[in-house]
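Worksheet for the structure shown next.
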Amino acid sequence: MSLLHLLTLSPFLLAVLLPFLGKAVPRLHKGWFAAALSAFVFAMLLGYLADVGDGSPIVESFDWIPSLGISFTVYLDGLSLLFALMITGMGVLVALYSIAYMNAAKESLTRFYVFLLVFMGAMLGLVLSDNLLTLYGFWELTSITSFLLIGYKNEKHRSRYGALKSLLITMAGGLGLLSGFILLYVMSGTYRIRELFEAGAPLMSHPLFLPAMVLILLGAFTKSAQYPFHIWLPDAMEAPTPVSAYLHSATMVKAGLYLVARMSPIFAGTAEWFWIVSLGGLITLLYGSVASLKQTDLKGILAYSTISQLGLIMSLLGLSSLAGIFDGEEQLLYAAAGTAAMFHLLNHAVFKGALFMAAGIIDHETGTRDIRKLGGLAQVMPVTFTISLFGAFSMAGIPPFGGFISKEMFLDSVIEPLHAGVFGLSTWAALFPIVAWIASVFTFVYSVLFVFRTFLGPRKKPLMNKKIHEAPFLMVLPPALLALSALVLGLFPGTVAYSLIRPAAEAMMPIVTASGERLPMDIKLWHGFTPALWMTIAVVAVGILLALTVRRWMKLYAFIPRRVSINRFYDISLRFFEHITVRVTSLYMNGSSRSYVKYILGFMMLVLGFILYSSTDISYRVGAYAQIAPYEWVILLGLAAAAIAVPFAKSRPVAIILTGSVGYLMTLMFVFLRAPDLALTQMVVESISVTLYLLCFYHLPKLRTERRAVRFRLPNFLVAIAVGVLMTLVALAVLGTNPFDPVSDYYVRESYESAGGKNIVNVILVDFRGFDTMLEIMVLGVAALGIYNMIKLRRKATDVGSRHVSHEDDESDDVADRFRKNQYGHDGPIEVSRKKEPWINCVSDLNDKAPDKEKNADSDFETELEPDSDPDLSDPDSETDESRKKGGDLDA
Amino acid sequence: MEVVVAVIVGVLFAVGIYLILTQDLLRIVLGTSLLTHAVHLLLMAMSMLKTGAAPLLGRGKEEFVDPLPQALILTSIVINFGITAFFLVLSYRAYQKLDTTDMDRMRSESSKHRGRRR
Amino acid sequence: MPRGSDVFLQNISKIVVFIILAFALYLFFTGHGSPGGGFIAGLMSAGALLLLALAYDIETVRKVIPIDFKIVTAVGLLIALCGGTGSLLFGEPFLKHAFGYFQLPLLGETELHTALIFDLGVYLAVVGVTMTILLTIGEDN
């Protein structure tokens, strides 16, 4: 355990302690704890800046499951540090922001902050771990916590729907990721990322290399919402705004980018990696920017813009992989794409965080996020206006903001492949600048419209008479700091270029610095009249034109087909799987425990029978048989006879006495088989058990006198006979096969020498295997308490009064009833049920009739404006559209 | 003797399983008891029978029967006692409340029971 | 409830109970050397008390031994646990036992063994569990 480990795990620690801290200091908003912790970790991480900046990473290892080669190794290089600082830095701001945003009186804050802290810890662990399996563990933990955070308002349908969607999609990708990691292990024999870097060329020629790459990219693409896996991100906007600002702009969605950057040294240099990553990124960039424009929800705009920006960074990561196949000057040209990616990563976190928080402020103050109802807010909310302006301009790539510089570097990078001439780029390279330019134009348009439609122009009707004012200081401070940073990053990019960006880019492309030289940094505001600058000027010119005429060409969106969409595919396949699952499950889960026992037995027979049949090492020949004395014959036959008689006994006492006699005969058997301890124990236990049965009968005489024979059932009989025969075979096989020396020789040898006891059985029980014995008496204790509760607790309830009892019983029955109803759709014996499983209901409910059909006061408003619905998000016939809009409006 | 014990193990298993598959809760409890006995015999047989004296040192014997199965069985006997008692009380309470120990009738009885009181 | 009115049984059990208890005690202490030990002794002690309960009735047992057997169970578990933890103080693994031979007055050379502490825990737990179960069912009506 080192300091770095503790820093990584500290959010988890605080998450555990938070409920208690909240109790201890009830008046303090719990967000302060989260903010303080993030600030502390952030400050501590800053301390590593100098070391890591010099290119000397820090490694701390801690064996976790040594037998499986899994260690929790913390590896802090430039890339990890950049992400860790973003995670904790944004963490501080988001925590501060949430203190003002989350209402302590209305919401359960402990839950919120526990999720948030666990998420932060998982993110930190993800970017800092050097072992693929721990990385995967943290990766899934971010998916789970993100699910919990998106569904934080779990009383809302859309929240649950969005949460489930993000969980299913990112988890599916996570499974791909795990398979990819395991394939990497199969190829290289190591889970350590550092060692994989060194595996090098033999890895590339391995037949599993491509599958591993595709599977890992599946994980990265689903997490980073790349087309066509982006569909969860817009629905995730149901999360409280601080969560959106944190997870869906700065941290979680960036985990996919981190993974691609982290894996670059392994995969970069192959054509497949280059094309999948860069083309996937480009498509996402274009799609996101185009789709963003037709959103009407502020957070919806930001969601699609995030998708698009993630695509931008992804394509840069893909382009930077070209650095792996060139050297000298050319290599540095392509490596610049990697630098651009790292810089834009930071820029995006800054401006998108600011914009999300601004959207939250607008929502908080006006009660709506619908851009069609907003307007003219600049006079009443000047600070928020400035923040949004800075953020949007940085996003649009307008000087002098940080986004301008990274956008320039991006445009530079997309021109570069024109000269590459590898991977078929000589024919297709023109694609890159064209797509990038078009996407930039759209980015410019939606960024500008985001600000101007919200803050300028006249006030719209619904908000005309509402008193709107600036948000409280604590709410404005975090986005203001971010907006300021966007400006600083533009004016003085040198502040981060050498300390943060260069180590990160170098860590991503170790091949560039292999010769010992540092990566040159070319991050500055003025590059001279480069092609990129001309492209930007063209973007601004066309963008302004398009923004002014937006109403004329918005109608074009109506031509995009809506029926065929990825979201529809998702909904339909989810319903399909739900249906199939219910059908299949109800085929065998029929509610009768007898059937379940038969399944278990059947499976056991199948497995055991197969092993006995197929294994060649098993012999049924016993070496030397022990002699049977005549009296032993009597006992053995008596044992069998007593057992066989039990099912034939008509009355219960007879059956019990027969079973008891089997027990007593067992006692004799133990005597003959030289087990005195067992004989003694069995005798006493049998006596006490029989007394116990008799006591039960004493209280329930009817149970004793009721005579019911066991009805003969052929299937049961056959199953029983089959198991019996099989077990005889097993016993014979066990007797005839002795592949190992018995371990008990050790006990016989050491019993007196090291444990000082002569009764070997007792020594084993209390000394050699003392732990087992301790757990055993615990089991006994649990059984005794269970029995005590079954009988006594009910008695106490009776003492209080019958009405109370019935009420209480009712309640418990209700729970069971509800459970059964939920589980099988009805109570009573289970038939084939087609009712929906409760947890998955939200999907079907959305598409059937929306149950929360509230009066929509703004319906006239919606009709007078152009159709806003996203072809990808919904089907116009269903309620999805409307409830989606409502979700946006009512989410105040 | 080993072969005879193996056959007895089979018989005990068959009867135990058959009882577990009946409807009567009490007979299911008895079935589990028989299964336990069967497993005990199986464990004893595993290490061959009567290969030496009882596992007690210092009595002038050199060869012992295997002590390990005996330790396992001792644990099992006591646990089985606890579990049997638990099952027994469970069926006892079920009978008190529902007037039946029939697994199939219990479900309908319990819902009737609920319906009556409402 | 004058359930056990059998004078014969009552008189015999008065004596037999003590014989069984003494035998149980013997089994407990010789458990490390010859057949016996915490489990058997515990079950046998519970059996003795059970005999008492059958000969007289449960109220009598309650009166004679006014102990809550749930607490006996808990104490037994605790002793077993603590007996095991003790070895941690000496830097040994959990449940590691030690033993030695001592000259004691009256008994001569005697082996003292920390495993006996653990076995005592087992004994108490088994007595407690068995009696809890029996008394709980016995008192139900």
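Even glycines carry a Cβ here, placed using N, Cα and C.
Among the features that TrEMBL reports, compositional bias 'Basic and acidic residues' is placed at A:846-858 (among others).
If you look up TrEMBL, you'll see A:859-880 marked as compositional bias 'Acidic residues'.
Residues annotated as compositional bias 'Basic and acidic residues' in TrEMBL: A:881-892 (among others).
Model confidence over the domain 'NADH-Ubiquinone oxidoreductase (complex I) chain 5 N-terminal' (A:65-113) is summarised by a mean pLDDT of 85. Per TrEMBL, domain 'NADH-Ubiquinone oxidoreductase (complex I) chain 5 N-terminal' is recorded for A:65-113.
If you look up TrEMBL, you'll see A:638-702 marked as domain 'MrpA C-terminal/MbhD'.
Per TrEMBL, the feature domain 'MrpA C-terminal/MbhE' maps to A:713-799.
Marked as region 'Disordered' by TrEMBL: A:801-831 (among others).
Per TrEMBL, the feature region 'Disordered' maps to A:843-892 (among others).
What TrEMBL lists as transmembrane segment is A:32-50 (among others).
Outside the transmembrane segment (A:81-100) by six or more residues, the chain places 29, 31-32, 34-35, 38-39, 41-42, 45-46, 48-49, 52, 112-113, 116, 120, 123-124, 127-128, 240, 242, 245-246, 250-251, 254, 258, 342, 345-346, 349, 353, 357, 360, 471-472, 474-475, 477-479, 481-482, 500-501, 503-504 with a CB less than 8 A from a CB of the stretch. According to TrEMBL, the feature transmembrane segment maps to A:81-100 (among others).
The annotation transmembrane segment is assigned in TrEMBL to A:112-129 (among others). Residues of the same chain lying 6 or more positions beyond the ends of the transmembrane segment (A:112-129) and with a Cβ under 8 Å from any Cβ of it are 4, 7-12, 14-15, 18-19, 30-31, 33-34, 37-38, 41, 72-76, 79-80, 83-84, 87-88, 91, 94-95, 98, 102, 135, 137-139, 141-142, 145-146, 148-149, 152, 240, 243, 246-247, 251-252, 255, 258.
Counting same-chain residues at least six beyond the ends of the transmembrane segment (A:135-152), those with a Cβ under 8 angstroms from any Cβ of the stretch are 111-112, 115-116, 118-119, 122-123, 125-126, 129, 159-160, 162-164, 166-167, 170-171, 174, 177-178, 181, 193, 219, 223, 236, 238-240, 243, 247, 252, 255, 259. TrEMBL lists A:135-152 (among others) with the feature transmembrane segment.
Summarising the annotation, TrEMBL assigns transmembrane segment to A:164-187 (among others).
The transmembrane segment feature in TrEMBL is assigned to A:302-326 (among others).
TrEMBL lists A:425-452 (among others) with the feature transmembrane segment.
If you look up TrEMBL, you'll see A:532-550 (among others) marked as transmembrane segment. Here the transmembrane segment (A:532-550) has Cβ contacts under 8 Å with residues 293, 396-398, 404, 407-409, 411-412, 415, 433, 437, 440-441, 444-445, 448-449, 452 of the same chain, all six or more residues outside its ends.
Using a Cβ-Cβ cut-off under 8 Å and counting only residues 6 or more beyond its ends in the same chain, the transmembrane segment (A:628-648) has close neighbours at 655, 658-659, 661-662, 665-666, 668-669, 672, 709-710. Here the listed stretches are A:32-50, A:302-326, A:655-673, A:773-791, and the one with the most C-beta pairs under 8 angstroms to the transmembrane segment (A:679-700) is A:655-673. Outside the transmembrane segment (A:302-326), and at least 6 residues removed from its termini, the chain residues within Cβ reach (under 8 Å) are 224-227, 230, 233-234, 236-237, 244, 248-249, 253-254, 256-257, 260-261, 264, 267-269, 273-289, 291-292, 295, 332, 334-335, 337-338, 340-341, 344-345, 348, 352, 355-356, 359, 395, 410, 413-414, 416-417, 420, 422, 432, 436, 439, 442-443, 446-447, 450, 508-509, 511-512.
Beyond the transmembrane segment (A:655-673), the same-chain residues lying 6 or more positions past its ends with a Cβ under 8 Å from any Cβ of the stretch are 629, 632, 635-636, 638-639, 642-643, 645-646, 649, 679, 682-683, 685-686, 689-690, 693.
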